[in-house]
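K.L.:
Here TrEMBL flags Ile7, Gly8, Gly9, Gly10, Asn11, Met12, Ala68, Val69, Lys70, Pro71 as NADP(+) binding site. Sequence annotations record features per position, and here TrEMBL assigns NADPH binding site to Asn55. What TrEMBL records for 3-98 is domain 'Pyrroline-5-carboxylate reductase catalytic N-terminal'. Annotation comment: TrEMBL describes 162-266 as domain 'Pyrroline-5-carboxylate reductase dimerisation'.
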Amino acid sequence: MSTIAFIGGGNMARSLIGGLITRGHPAGAIRVAEPVPTLQDALVADFGIVAADSNLDAITGADVVLFAVKPQVMATVCLELRAALSAGRPLLISIAAGISLANFEQWLGTDLRLIRAMPNTPALIGAGITGIYADPAVDADDRALAASVLAAVGPTVWIEQEALMDAVTAVSGSGPAYFFLLMESMIAAGVAQGLSEPAARELVLNTALGAARMAVNEPLGPAELRRRVTSPNGTTQAAIETFEAGGFRELTARAIARATERGRELSQQAGG
Ligand SMILES: NC(=O)C1=CN([C@@H]2O[C@H](COP(=O)(O)OP(=O)(O)OC[C@H]3O[C@@H](n4cnc5c(N)ncnc54)[C@H](OP(=O)(O)O)[C@@H]3O)[C@@H](O)[C@H]2O)C=CC1
Ligand SMILES: O=C(O)[C@@H]1CCC=N1
């Protein structure tokens, strides 16, 4: 079984580690380097994985190095590990928003075995979705290895062009936050109409769950499901017309375009 070194042990690393352990990856073959002692101790206590004293300690002899630090610290982390990574040549997986292959080549040199991946926080409960992009130079065995690591937390989707990883980030990486915002807004609106907060919350959250489960299982797609809820001249039509008149679709498109653009900015600010 491959030894996987996590650089950074925050929210996404915890989700991926939890998924790997649940899928039967041996805890002794997972290492984490995390500077916040409480986070590192909790990962060791919860999953029995190995705490590394430093990033260098974590990657030494590892088959896979998974970068799970914020985009803004990726340059520092890579430059610190450059010599060791070029000696050991592990498979590198980055889940950082925006950070490109060109960024990594600038910091680590060329001829890398590097995969970019964009998971999302439902990974924590095994319900994530991950977009994956591989440098064309990465061989089939490395692609399969990366996909098997990321499949621990949900389905994976291969993306053919690196430039589209910013769109993946904007749609599914950040996407859970958009649905949470809609839930928040609907709960507040229900309360404004006189429902108690607990009742509004239970109604909204279970509606979201039911709608998502139907949409995932329905080949006809969400537009047809929406039409089936919408009785002529009924309550849903009144609400949908209000959403449309308020520019809901355009606002969604603008928000996702802005998130995509932000991914490009992160790459440029990181130095590539
Ligand atoms: N959150 C999300 O929904 C998603 C996030 N991502 C990407 O995943 C990456 C991690 O995000 P997330 O888990 O949310 O962030 P977190 O801040 O929760 O985790 C990153 C961890 O790395 C630690 N860290 C900081 N510097 C170093 C260092 N030099 N060496 C090792 N560890 C370090 C941080 O410590 P400290 O707090 O002290 O800085 C922190 O605990 C980001 O690049 C993000 O773009 C991808 C998909 C979804
Ligand atoms: O907000 C962010 O930048 C990260 C990437 C996708 C989700 N969270």
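Glycine is treated like the rest: Cβ placed from N, Cα and C.
Please situate the listed features within the shown structure.
P.N.:
When Cβ atoms from all protein chains are considered, those within 10 Å of Lys70 (NADP(+) binding site) total 13, not counting its own.
For Asn55 (NADPH binding site), the number of other Cβ atoms no farther than 10 Å from its own Cβ, over all displayed protein chains, is 24.
As a whole-number mean, the pLDDT of the domain 'Pyrroline-5-carboxylate reductase dimerisation' (162-266) in this prediction is 97.
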K.L.:
Just how spread out is the NADP(+) site if you go by the largest Cα to Cα distance in Å among Ile7, Gly8, Gly9, Gly10, Asn11, Met12, Ala68, Val69, Lys70, Pro71?
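P.N.:
Value for the max Cα separation, rounded to a whole number: 14 Å.
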K.L.:
Any idea which of the binding-site residues Ile7, Ala68 has the thinnest Cβ neighbourhood at 10 Å?
P.N.:
Ala68
K.L.:
Tell me the Cα distance separating Asn55 (NADPH binding site) from Lys70 (NADP(+) binding site), rounded to the nearest angstrom.
P.N.:
15
K.L.:
Can you tell me how far the Cα of Ala68 (NADP(+) binding site) sits from the Cα of Asn55 (NADPH binding site), in Å?
P.N.:
12
